[in-house]
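K.L.:
One structure, pasted below without further comment.
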């Protein structure tokens with residue numbers, strides 16, 4: 001049996017297109033990391049842009065003051081506005097200086113004061129707004145400001161270097177970013193692509209070559225599933241390790257203490273990245289095993305690798321994003337195992353909020369995946385029993 005497992009794995013890994021697939025994954029990881037590194041100065045550039053706008057406003061008001069059409073009271077009013085703009089400009093200048101000198105404690109204190117001021121302005125504008133639609137916009141702005149304040153507070157309390165949380169660059173935070181964006185589709189597609197080869201390798205023109213081997217149906221099934229697990233979980237582990245190691249090597253920071261915003265009791269809270277990372281890994285491993293079992297069952301019904309690949313892609317990726325199209329199934333979406341491909345979005349509460357489904361959380365997701373795996377294992381046992389029975393009947397004839 002172990003010889004057959006080794007044979008299957010070697011056959012899959014020797015195919016050039018499969019090696020190319022692994023290199024594509026590596027290229028995607030590196031490309032996204034470079035993009036994230038280049039996005040780290042967005043806040044600094046935004047502050048510099050504010051200074052330029054302040055300078056332009058000062059110049060415009062100075063020109064008005066020097067014109068002959070302005071009376072003394074207007075000049076005093078304009079001068080007061082210029083003084084206020086200069087004060088704001090100095091604050092932005094100090095923030096840039098702290099940022100560039102990496103004086104993070106001073107930067108965080110000053111930036112939190114700035115965010116507080118912005119929040120008060122938004123709240124005041126919201127109060128005088130007459131349109132309900134505008135009020136929703138202001139609520140979103142306040143929520144975004146609160147989120148940023150929570151993150152900066154976490155940086156300050158834990159004495160962490162600044163990181164653009166929208167485009168993280170440290171080991172674990174960058175890897176979690178990949179699990180939020182590209183990994184759900186990329187790793188699922190690669191896994192299904194490889195599984196469709198593993199489970200249909202023995203079929204040639206609807207003939208099962210594995211029957212020529214001295215393996216029982218149970219041994220053949222277990223061998224294929226083990227081979228599938230080794231290949232898929234191996235690719236999953238390699239991609240995860242590559243992303244963690246690249247980001248950690250470049251920044252010299254694994255980022256385990258950095259915050260991930262998680263919805264807790266309808267409120268956003270900062271949870272350490274390492275805590276979220278462990279849960280994401282756990283849920284993804286169970287999801288991958290579920291996909292392996294599902295792929296094997298489908299391979300018993302569909303023996304052509306390309307057809308199997310297309311159907312599995314539709315089932316896995318298609319069903320995962322189906323609630324985004326059919327809003328009627330959103331209340332029941334927590335019962336679909338495919339939804340949990342987006343493990344991080346489940347754990348941080350993003351899907352709970354998007355689907356307005358309070359039942360979508362880590363513990364329930366694990367229960368759904370484990371239940372799904374048990375059902376698939378029972379189906380495999382039933383199908384094996386039927387296959388064994390058919391083989392015996394053929395021998396008797």
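Placed from the backbone N, Cα and C atoms, the Cβ positions cover glycine too.
Given the structure is predicted, the values throughout are model-derived calculations rather than measurements.
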K.L.:
I'm validating the feature mapping. Which of 2-19, 20-37 is tagged transmembrane segment in TrEMBL?
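P.N.:
Comparing 2-19, 20-37 with TrEMBL, transmembrane segment matches 20-37.
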K.L.:
Does the transmembrane segment (362-386) come close to the transmembrane segment (182-204), meaning at least 3 CB pairs under 8 Å for residues 6 or more apart?
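P.N.:
No, the stretches stay apart by this measure.
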